[in-house]
Structure formats: C-alpha cells, structure tokens
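J.: Quick one: structure below, then a few questions.
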Amino acid sequence: MAKLFRAAIMGPPGSGKGTISKRIAQSFGLLYLSSGHYLRESIAANTEAGLLVKSYVERSMLVPDHVMTKLMLPRLEQLSGHSWLLDGFPRTQSQALALNNLYQLDLVISLNIPYETLRERLSDRWVHPASGRVYNMGFNPPRVQGKDDLTGEPLIQHDDDKPEALMSRLRHYKDVAKPVMNLYKSQGVLHSFSGTDTNRIWPYINSLLNTKMHTQPPDACQTKTP
Ligand code: G5P
Ligand code: MG
C-alpha cells in the first residue's frame, strides 16, 4: 500500500489557499478539508455552536482554538487510512500543537502574497452573511449581481475588508502564523511560495508535490517562486 501523505496549506485571507487546495486535491487525489467550509456548514446548521462561530466569522476574527480543534480533529480521526490536505487549519500555535500530537505532517505549504495583491482581491469580496459564502466580483462572481447563488439573498461587503481594517488583520495573521511556521520549519516540512498570481505559483507547487509524493525525501528547503 502507498504511504499515506498528510499536508496543510497556510496563508493570509485571500492568499489562494482554497484555489490551490482544489487543484492539489484534483491532481494528487488527496482528501481536502477546509476549516472555512466546516465553519460555514456549522453556521448553516443554526445550532448554538453555529451561532457562536458566526459571531467570529462575521467579523473575520479567529474562532477560539477549542472550537476549531473539536471541529477538525474528529474528522481527521475518521480518515485514518487516507491521505489528506488541510486548508486553513492549523492557524494558531495551539491548533498546531493539538494536531501535532496526533499527526506528523509530510508537507506544509505557506503562501506569501504581497499586501497590495491581497487588498485588491479582498476589496472585491462580497459575502452572504447568513451562510458565510464568499464571492469575488472579478474571479468568481455570483450568478446574479449582488445576490447569493443558493438563496438569492443580498450580499454584503465587510467593513473588515476595507483597507485600514485589512492591514491590521493581515498583521494579526502574520503574528499568529509565525510560531506555526516555526514549528513546521523545525520539523523540516515547511515550503514557502511567494508571488502575486496563483497560476504562476501553481506549477512550482505541482512539481514539489510530484517529488514529495513519489519520493518523500526527509530534507526540507524553502522554495521561492521568482
Ligand atoms: P477561510 O474560509 O479559511 P480566509 O479568510 O482565510 O477564509 P479565503 O477567503 O478562504 O481566506 P483563500 O482560501 O486563501 O481565501 O483564497 P481563495 O479563496 O483561493 O482566493 C481568494 C479570492 O481570490 C477568491 O475569490 C479567488 O477566486 C481569488 N483568486 C485566487 N487566486 C487569484 C489570482 O491569482 N488572481 C486573482 N485576481 N484572484 C485570485 O476562513 C474564514 C473565517 O473562518 C475562521 C476565521 O474567522 C476566518 O476569517 N477560521 C478560523 N478561525 C480560527 N482558526 C482556524 N483554523 C480557522 N479557519 C477559519
Ligand atoms: Mg479559503
């Protein structure tokens, strides 16, 4: 049986985690688990836990660690015989340590995207507040302008996606992500990719995965796109 492969992708809001994860899942057959997706599912279920989650996600604030680990870890335990890719989890040191107690990751991809690029992408972002579904007017617009695809309800733009708030969120992301990146760097599994365009970063990630999944060398390096 082929060796199981466990990976995670990290990056600030709007950095392309979801877009790249879908390509990885499709090309390499990894199961893809997105923290944002499970959070939105929990919001849609309208339970007490969902309402709590909503109060954080609506303000683009991090959901508390104990809620996140309870949401993600049992799902992984059900997938013990599978290879997988995590998108958006772990995001804090405490989440990374909780995951690390259960699984040693083979690869962590970190997306390093310039602030100006993120600002442009996120300032074009519209959200369906009840479900947390996100649209981008340039890249993935709703079918009807200003309306959610599933419910037809109006979309809104977050105050947090305005430039001043965005800057502080991105700074916060960096602070919180640093110890997580240090952990994976010390384990030799962290690979960082820099660039402004997902389609230009993708071939480098694709080729790294081809190497890792077929040979799994124990060494680590920092991969930079030009
Ligand atoms: P999410 O759902 O993980 P975010 O805020 O981290 O949400 P998001 O929006 O999902 O990030 P992404 O997945 O990094 O962004 O990027 P994406 O969706 O692929 O691309 C962003 C947009 O840019 C898309 O519209 C895409 O089409 C477009 N795009 C991609 N590439 C390009 C390109 O090359 N060019 C152009 N022009 N456009 C492009 O988390 C949501 C919330 O849940 C909570 C937090 O509150 C978070 O805010 N949360 C957690 N809280 C605590 N701990 C965790 N582990 C949490 N995980 C989620
Ligand atoms: Mg995403």
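Placed from the backbone N, Cα and C atoms, the Cβ positions cover glycine too.
Just so you know, TrEMBL annotations never went through curation; they're auto-generated.
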J.: Where TrEMBL shows Gly14, Ser15, Gly16, Lys17, Gly18, Thr19, Val134, Tyr135, Thr198 binding GTP, which of Arg6, Arg125, Arg171 is named for the same site?
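T.: Same GTP site in TrEMBL: Arg125.
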J.: If I go by TrEMBL, which of Arg169, Arg200 binds AMP at the same site as Ser35, Arg40, Met61, Leu62, Val63, Gly88, Phe89, Pro90, Arg91, Gln95?
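T.: Looking at Arg169, Arg200, the one TrEMBL places in the AMP site next to Ser35, Arg40, Met61, Leu62, Val63, Gly88, Phe89, Pro90, Arg91, Gln95 is Arg169.
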J.: Using C-alpha atoms, which one of the binding-site residues Gly14, Gly18, Arg125, Tyr135 comes nearest to Arg169 (AMP binding site)?
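T.: Nearest in space to Arg169 (AMP binding site), counting only the binding-site residues, is Gly14.
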J.: Taking ligand 1 as the reference, state which of the binding-site residues Gly16, Arg91, Tyr135 have a Cβ closer than 6 Å to one of its atoms.
T.: Gly16, Arg91
J.: Using DSSP and collapsing to three states, where does Arg91 (AMP binding site) fall: helix, strand or coil?
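T.: In the DSSP reduction, Arg91 (AMP binding site) maps to coil.
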J.: Using only C-alpha positions, which one of Ser35, Phe89, Arg91 is spatially nearest Arg125 (GTP binding site)? These are the binding-site residues in the record.
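T.: Sorting the binding-site residues by distance from Arg125 (GTP binding site), the top entry is Ser35.
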J.: Could you tally the C-beta atoms, other than its own, that fall within 10 angstroms of the C-beta of Met61 (AMP binding site)?
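T.: The answer is 12 other Cβ atoms.
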